[in-house]
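Notes follow the structure.
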Amino acid sequence: MVGGPHKADSTEFKECLSLSFTRPYILQLALSAGIGGLLFGYDTGVISGALLYIRDDFKQVERSTVLQETIVSMAVAGAIVGAAFGGWMNDKFGRRLSILFADVLFFAGAIIMAAAPLPGIIILGRIFVGLGVGMASMTAPLYISEASPHKIRGALVSLNGLLITGGQFLSYLINLAFTRVSGTWRWMLGIAGLPALIQFFLMLMLPESPRWLYRKDRKKDAETILKRIYPADEVPRELDLLRQSVESEIAEEGTIGEYSLFGKVRKAWTTRMVRRGLVAGILCQVAQQFCGINTVMYYAPTIVQLAGYASNSTALALSLITSGLNAVGSIVSMYFVDRSGRRRLMIISLCGIILWLAVLSGVFYAASVKSPDVGFMETQHFSNFTCPAYNAASGIQWRCVNCLKAECSFCSNGDNKLLAGACLANPEANEPMKHACQSEHRDWYTQGCPSNFGWVALLGLAAYIISYSPGMGTAPWIVNSEIYPLRFRGICGGMAAVANWVSNLIVTQTFLSLTKAIGTANTFVLFACYSVVALLLIFLFVPETKGLPFEEVEKMMSDENYKAWKTRSAYKKQHQLQEL
């Protein structure tokens, strides 16, 4: 919300807890809108486990890496359109109606996927869900931000981040719960319709954002909501600041193209102050994706299998570690985001990300070099199912990794999985081969090879998540909810969310193909390089916004001598002089 300068260092997590108890309406608004974040997290996380069982039910999916990537990434493609449309809808019809429309999309997508008879229908349902995810991804934090006292704004927007990661953790629990139930993946995907219904009815009982209402000349409605958010003695001051802010915006509007969608986009990029905000906001969103997080969240069970764990249920159970730590990291972010600041958290976060991506790369490289040999006698034991590409007479010694690269499968040694095994596989006869292997108490590998390094990879993934979640996991969304002036907040938030989802689509649509083309180790090296570039750009172009009211952020971005790495200290001194 609006408000005058204050000492941001005094804005702590305990103040958020205190205000939530003394004025529970604030928490009600944040939690109700935050269910969109829960749905966002669930629908993006659930596919990681469901994909394992979709592969089992549809052999065309098992045989096609591109089809697997498409099932995962079509939700992201839908989110791109949803985020773009959501930016316009937020400005035109308000934050509340946008959330309600997103719930309808979530529910429709869940029902379509649960009933899907073909992979193509699953993809259609994923597109519907993606449209809802895209709208929720930029609307929920915007609504929370505009309906929160500015001193705890960061913590409450972080609550949305916590619900996103909580949704992802819940999706892994649901996946694990339905592994032995008939219809496995249908339950996993369909159950997402329930929280969408709950949020729909909750939002019907809640008001619109007070800032949007005031902007639409519904001043009495805005004042009524402010009275429920602020103590009575603070309401006149907050209302006056809101009036000044809106009047200033109206005075600057009315230029050609201002009221059309494309006119607003053009105006945003040609206005220096808004352009600076867009560069910072879009940079944060792109960096969030290109550090590789959604390869972990969307493909966590697959990565666990790449690390040497063959069983679907084992991969899902171990993946709970990463999603659980992601949720814990969001709680940490809620405590530190208004203490340490958004910019500092992102920089520290990226340093940890770079380190642990390098470690993961080393682990997967060692695992590939040390993968078990393909034994001639072991393979001959299953002579009817020998991999067509395997030729022992050539004199070239194959390892498990060579077997998998040839699109065959590896059946481990019955005595010790690290000893020489059999290279079987013909995708058209997958089930007989798999049954023949497992009937002898051997493990069946299609994604990764047996390894002693699996536990190290799990530790590396855990450390990566711990580094990512408190900083790059939540701070980019908070920055984007604070850095734009009200008249451009919807459209700029939409553009930044589109950038996030386009980057997400690129990463998710190429991850499995990259691991096959250049190897898992080199794929993680590539993400580490992207993270180094992101660290440098965030240092240069992203300012600190912690504790600053929206009006002060706008003044900071308009300053002639604006430098992202200097502005926070400069504004702090300015505030101290004003207080004197």
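Each Cβ is built from the backbone N, Cα and C atoms, and glycine gets one as well.
Just so it is clear, the model here is predicted, and its values are computed rather than measured.
As annotated by TrEMBL, transmembrane segment applies to 29-54, 66-85, 97-115, 121-144, 156-178, 184-206, 277-300, 315-337, 344-367, 453-479, 491-512, 524-542. Among the features that TrEMBL reports, domain 'Major facilitator superfamily (MFS) profile' is placed at 29-546.
Residues of the same chain lying 6 or more positions beyond the ends of the transmembrane segment (277-300) and with a Cβ under 8 Å from any Cβ of it are 44-45, 47-48, 72, 168, 172, 268-269, 315, 319, 322-323, 326, 346, 350, 353, 357, 461, 464-465, 468, 472-473, 475-476, 479-480, 483-484, 492-493, 495-497, 499-500, 503-504, 506-508, 511-512, 523-524, 527, 530-531, 534, 537-538, 541-543, 557, 564. Counting Cβ pairs under 8 Å that are 6 or more residues apart, the transmembrane segment (66-85) and the transmembrane segment (491-512) reach 3 or more and are in contact. In this chain, the transmembrane segment (184-206) lies out of contact with the transmembrane segment (491-512); the count of Cβ pairs under 8 Å, excluding pairs fewer than 6 apart in sequence, is fewer than 3. With respect to Cβ pairs under 8 Å, the transmembrane segment (184-206) is most closely packed against 97-115, considering the stretches 29-54, 97-115, 121-144, 344-367.
Residues 29-30, 33-34, 36-37, 39-40, 43-44, 47, 54, 70-71, 74-87, 89-90, 95-96, 98-99, 101-106, 108-115, 156-157, 159-160, 189, 192, 196, 209, 477-478, 480-481, 489-490, 493-494, 496-498, 500-501 of the same chain sit 6 or more residues outside the transmembrane segment (121-144) yet have a Cβ under 8 Å from a Cβ within it. Long-range Cβ contacts of the transmembrane segment (344-367) within its own chain (Cβ-Cβ under 8 Å, at least 6 residues beyond either end) map to 284, 287, 291-292, 306-308, 333, 336-337, 448-449, 451, 453-454, 456-457, 460-461, 463-464, 466-468, 470-473, 475-476, 519-522, 524-525, 527-528, 531-532, 534-535, 538-539, 542, 544. Below 8 angstroms of C-beta separation, residues 33, 36, 39, 43, 82, 86, 89-90, 121-122, 124-133, 135-136, 139-140, 143, 186-187, 189-193, 195-197, 199-200, 203-204, 208 of the same chain, each at least six residues beyond the ends of the transmembrane segment (97-115), sit close to that stretch. Tertiary neighbourhood of the transmembrane segment (29-54): same-chain residues 61, 68, 71-72, 75, 95, 99, 102-103, 106, 109-110, 119, 122, 126, 129-130, 132-133, 136-137, 139-141, 143-144, 147-148, 156, 159-172, 174-176, 179, 184-185, 188-189, 192, 195-196, 198-199, 202-203, 206, 294, 297-302, 312, 315-316, 319, 323, selected by CB-CB distance under 8 Å and a gap of 6+ residues from either end.
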